[in-house]
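**Student:** Structure below; questions to follow.
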């Protein structure tokens, strides 16, 4: 298993290995040296489902690692260093995260079958594939207002497409994406952290192009009613927030988190905090870095009054599954999207980049479990009234009951998919049986 040193890459891989722990397969997770220190506190975790191996990305330790430089170095030096790990031990299959097009080439060079663990939506894979393989017409991507019609997806605007496709991302990103599409010729399986019942029409629409195999939701087993296990978080977990949640009323707390990479902006923090105060609702807010919230007076006042908690990191699966949570204000990253689906929590969708805008469309218009929060059309700023509107819509508005009902339906469907005989469980069994064991 090959992943880069990002929480959004590592956690799905580890959970994938955990779900296959019942088999006689042995897993090694190879990741870059940058993850060594981050994972040091959990490296001896007795329940860890994989061995860890680290390889150099070819850059000095103090290099800032801007995306373009990192991508070039991984392709040149990372590939050679990964090959050394592979040569030390015979592997029967290599599973890689997306957007590392050099990994399938390394697998092919060693005559090892390769799978991609797609950690975005099936819908996102469909969009990327149809664009880069030129199977469907697309408008001029310079014009964000142009519409895009694709099978099994709602009518999209260019602004809804994954941002990595857009010309504004630059030539290097577009080259990387084209290389990823090309590397699919060396990929035998496209495994997706989703489940058939969630994206059935999209999955069916890809069956004659590049079949995708849903094997999720890849979440900690306790969310599926099984034994409770720790996740391999790269930030220290703040247990106080769970103790605080235990003291709150059922379905009363607004949970806010914009992921492990995006940093909160002070003006957005103040806007959302003011809306929370006006609504009079308790909140649990993950802000990174935490200092971004320390200068926001209205937020600090509410924390001092015991009306909310601010933490730099919390174990999201446990937070979302807590009975006190009423809704989730989210950036709509796919890991967060899957976790909110499995826990049955309605969302306020506030996407920013990559696949998040498309995930927001899925959450609101396909899954039916949330509303979209938008910046002002004139000045581009988030307004207090808009935040209040969205919180009301998902907690007590006329459509709130339907969202909650639909969220509960998807929660049960997710559990069924991973249960013995379920759609994802069957796909996992088929994948395992298809691996040529030497």
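For all residues, glycine too, the Cβ spot is worked out from N, Cα and C.
Swiss-Prot feature annotations, pasted as is:
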{"type": "BINDING", "residues": "260, 314-316, 331-339, 353-356", "note": "UDP-alpha-D-glucose binding site"}
**Student:** Enumerate same-chain residues with a sequence separation of six or more from residue 333 (UDP-alpha-D-glucose binding site) and a Cβ-Cβ distance below 8 A; give 'none' if the list is empty.
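**Tutor:** Those within reach of residue 333 (UDP-alpha-D-glucose binding site), by Cβ under 8 Å and sequence separation of 6 or more, are 8, 259, 354, 355, 356, 359.
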**Student:** Just to confirm: which same-chain residues, 6+ apart in sequence, have a Cβ under 8 Å from the Cβ of residue 339 (UDP-alpha-D-glucose binding site)?
**Tutor:** 217, 219, 223, 316, 317, 320
**Student:** Under 8 Å Cβ-Cβ from residue 336 (UDP-alpha-D-glucose binding site), six or more apart in the same chain: what's there?
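**Tutor:** Spatial neighbours, sequence-distant, of residue 336 (UDP-alpha-D-glucose binding site): 257, 259, 316, 328, 330.
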**Student:** Taking the Cβ of residue 355 (UDP-alpha-D-glucose binding site) as the centre, count every other Cβ atom within 10 Å, in any protein chain shown.
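**Tutor:** By my count, 25.
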